[in-house]
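If you check TrEMBL, you get these features:
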| type | residues | note |
| --- | --- | --- |
| TRANSMEM | A:44-62 | transmembrane segment |
| TRANSMEM | A:137-159 | transmembrane segment |
| TRANSMEM | A:171-191 | transmembrane segment |
| TRANSMEM | A:212-232 | transmembrane segment |
| DOMAIN | A:239-355 | domain 'TMC' |
| TRANSMEM | A:313-336 | transmembrane segment |
| TRANSMEM | A:360-381 | transmembrane segment |
| TRANSMEM | A:418-442 | transmembrane segment |
Amino acid sequence: MLRKHFSRDDSLGYLSDSVMYYGSYSNRSFTLVPGTAEYSLPHAYFLTITILLLATFVFVSVSMGRAYRISFIESSATVQNILTHKIVCSWDYGIANGKAARLKHATILTELRDYLAQRNRTPAPVGRWQRLRTETLNAVAHATVLALIAAVAACLWAVLDRFGPADHFAAWSALYVSLASNGTMAALGYVCQLLGRLERYRHGATQLNINLLRHFLLQLTIVAVLFAHWLTTRPPTGCWETAIGQELYRLLVVDFFISTVLLSAVRGVRYLLHARYGPARGRPGPLAPYLTPPPFCIETHSLGLVYNQTLLWFGVLFAPPLVLLVALKLLLVFYVNKCELMYLCQPPARLWRSSQTQTLFLVLVFVSLFGVLLTHGYLIMQVPVSEGCGPFRGTQYMYQLFMQGILKLREEHLFWRAFVYITKPAIIGGVLLTMGVATYYLRAKSRAQIAKVKLLKELLCLEAKDKEFLLANLSKVARGKDCTGEQLDRIELVGGGRLNGPADRYYTDPCATWRSSGLKLSSTPLPHPIHLFR
Amino acid sequence: MGQANSQFSEDELQDYEDLTYFTKKEILYAHKKFKNLAPEKVGHNKNAKLSMSKVLEYPELKANPFGDRICKVFSSSNDGDITFEDFLDMMSVFSDAAPKAVKAEHAFRIYDFDGDDMIGRNDLKQVIQRLVDYNSDLGHNDIDQLINNILEEADLDDDGALSFAEFEHIIDKSSDFINSFRIRL
């Protein structure tokens, strides 16, 4: 059944001619309802896709900005590490079933024990040789990872050259590219994690972030290699756009099978092994300590989502129904992951700070979307359209349709020239640089705020101590005039004090802030009793 | 819905809407959920008082380690028995529309077990023990160390307990608190 989708008989395969691919959209305009204006399919296609992508981009940027502001600038970054915050904010009051509650209790326990272990751990050695050793290890790990990623890119390019343009509709070799890219992503993810155990960073959080970034870099490289290859080499026959569309469908479906179905099955098997031979059961085998329940890796799943979205945004230009496919796929992935978490996996060892992690992933999504938009920009401007298929046949480049058809401009027009000038890489680079500088400035401001708050806190503490000291001295002096010491033991900080004794001259002084508290005076009642702080 | 409408007059609904962070529809929905806990009793008297054990059957409260504290804080008779108005108040504070300050104040009262307006060492000990579900993996020494660390970080005036101002100071700076201190109807 799978083969029918990807196979080609003497004419193009059944689906190649359907609306699933770019090639089948016509470039004619027609009237839907007689009497009204014409509905031009090329214009509609172009505008729909462009508006969709731009709207998504704006939405993602705004979300990212808002999340960044909330989680990094308004809340001081140091708060995320302190214990009080962990204790007060750790229980999610929305949890409604017993199993989730038990999971949460276990996670909190692990987090607290990790915290205690970290506090009690002997401090990192600060000797010169030790530091040099740690730095070298880190550098070696970074270099290894970068080398691996470069190797993966080279191999992938070779595979694409070998299998890409071949007449692959008749054989399974069509799937090699997809299998290769998805397989390497999964495998290299594990390798990066193993490498991560060698290095030692001061905070566990840094280690996790670095792992995440490496995995993301790997994904980005694979995707970039694929795009570059598609844009530079042409298949010998037919539309290159349709070929890209087909490749994307393949990639997404294969990714579903590998990352979701296959890896879930592996985790299921591991859970069964744990249930039968694990350390907590009656007959522990020799491998018992290794058969722990599978961990639930939030970062791998989230990066998978980012990967799917990147492919989707790129492919929307070539195969619009990709949206439906990806929506369906993500729905299935969600339910599969949910079942996995509830029944198979042990809870994640770290309480992921939801808002900060969300910001990080939004940044990754923004970066990939920006890359996709740049690629599209290049495509629209510089890559010639296929002659025989698609809604843009007839024009040489896609943007010409926009300019001439929609804006009815000619090449020498001022707007055209201004537009071409703006889209030069230097200007875009300048804009990005300005945004980066603005972000850095805001963050520096917030850090300065934190330092100021710390200083003010210390100042408050010192003032409190000063006040205590002064009041204690005053009471000592006052006690010298009167011998009942025990009633003077408690000095109240709110400008009050207890005083005993009719002979105390402070009591009659209206400027003093002493207050009497119901002690009867044997001699002169005051004309104006001082009850300042009743 | 029509049946529930006949139980509340328009004025009452308007009053409830003014006093809580809910709309009229949400108030009626909350009443429906309250009624599910004890259909006959609430059927007789729409503002019936349910005992704490009945209220703790509500799913989010049952799963919550501080369920009994929540009931005591919101109970108007201070013994844990909840009327519908108490329940509405509770859900309104836990809803999305409640501001951070209101949530912080109620969180403080929930965590203050002995009711002395300060979260002292005993309160913190109880909080930690309930959070880990009285697991024996966290021993007394560990809990003491945790309490010491908390007081070191958050207790600004060094009186051995957290006052409301100190508590609010921590909450102000966190963005996770609103997300976690929320029950959706």
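Quick reminder: no glycine exception, Cβ is built from N, Cα and C everywhere.
Note: TrEMBL annotation is automatic and uncurated.
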Contact between the transmembrane segment (A:313-336) and the transmembrane segment (A:44-62) (3 or more Cβ pairs under 8 Å, separation 6+): yes
Remote residues contacting the transmembrane segment (A:418-442) - C-beta distance under 8 A, at least 6 residues beyond either end: 68, 73, 374, 377, 381
Model confidence over the domain 'TMC' (A:239-355), averaged pLDDT: 79
Same-chain residue ranges lying at least 6 outside the transmembrane segment (A:137-159) that approach it to Cβ under 8 Å: 176-177, 180-181, 184, 188, 191-192, 195-196, 198-201, 214, 217-218, 221-222, 224-226, 229
Chain residues in Cβ proximity to the transmembrane segment (A:360-381) (below 8 Å; excluding those fewer than six residues from its ends, i.e. six or more beyond): 53, 56-57, 60-61, 63-64, 67-68, 209, 212, 216, 220, 223-224, 227, 231, 302-303, 306, 309-310, 313-314, 317, 397-399, 423, 428
